[in-house]
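The following features are taken from Swiss-Prot:
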- 23, 61, 62, 63, 85, 86, 87, 118: 5-amino-6-(D-ribitylamino)uracil binding site (BINDING)
- 90, 91, 132: (2S)-2-hydroxy-3-oxobutyl phosphate binding site (BINDING)
- 93: active site, proton donor (ACT_SITE)
């Protein structure tokens, strides 16, 4: 019986793309910071001159799938992390954005055989988003861990 798992010890060999929404940037900047901190602590070069990590900013979470798709056509990545924050408002816009962003990201991931980590916070309030972006816990760190594990797993399976 063969058992395959992702490895955190080979993280420094990964090529990571990050697509991030500018909308709600008070939140997304904090998530990005946590994400980059985790990647750096696991051996990736996150400096501005890095060839290991690329960051693409988009207007909002709805645009994350097309940016991820275009990014993957340009370079070869082991994993992509999609970061955003969608906070429920008084209209149905929230539901549309979350539905289309999640479907689009999943579709792009499957079409390209590259894992895309869904790091889009979906909260009812700004307070909930702030708690998940650093007041209590920074989920950016968790998204980076998922990226390391999935990137190394798919790399090993290929």
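Each residue, glycine too, has its Cβ placed from N, Cα and C.
Small disclaimer: the values here were computed from a predicted structure and weren't measured.
Here residue 118 (5-amino-6-(D-ribitylamino)uracil binding site) comes close to 82, 102, 105, 106: these same-chain residues lie at least six apart in sequence, with C-beta atoms under 8 angstroms from its C-beta. On the backbone, the CA of residue 23 (5-amino-6-(D-ribitylamino)uracil binding site) and the CA of residue 90 ((2S)-2-hydroxy-3-oxobutyl phosphate binding site) stand 17 Å apart. Taking 90, 91, 93, 132 as the recorded positions under consideration, the smallest Cα distance to residue 63 (5-amino-6-(D-ribitylamino)uracil binding site) is found for 93. Here the C-alpha separation of residue 87 (5-amino-6-(D-ribitylamino)uracil binding site) and residue 132 ((2S)-2-hydroxy-3-oxobutyl phosphate binding site) works out to 12 Å. Rounded to a whole number, the distance between the Cα atoms of residue 61 (5-amino-6-(D-ribitylamino)uracil binding site) and residue 93 (active site, proton donor) is 12 Å. Note on proximity: among 62, 85, 86, the binding-site residues of the record, the Cα nearest residue 132 ((2S)-2-hydroxy-3-oxobutyl phosphate binding site) is that of 85. By the criterion of other Cβ atoms within 10 Å of the residue's own Cβ, the least surrounded of the recorded positions 93, 132 is 93. In the three-state DSSP scheme, residue 86 (5-amino-6-(D-ribitylamino)uracil binding site) is classed as strand. Neighbour counts of Cβ atoms within 10 Å were compared across the binding-site residues 61, 91; the minimum falls on 91.
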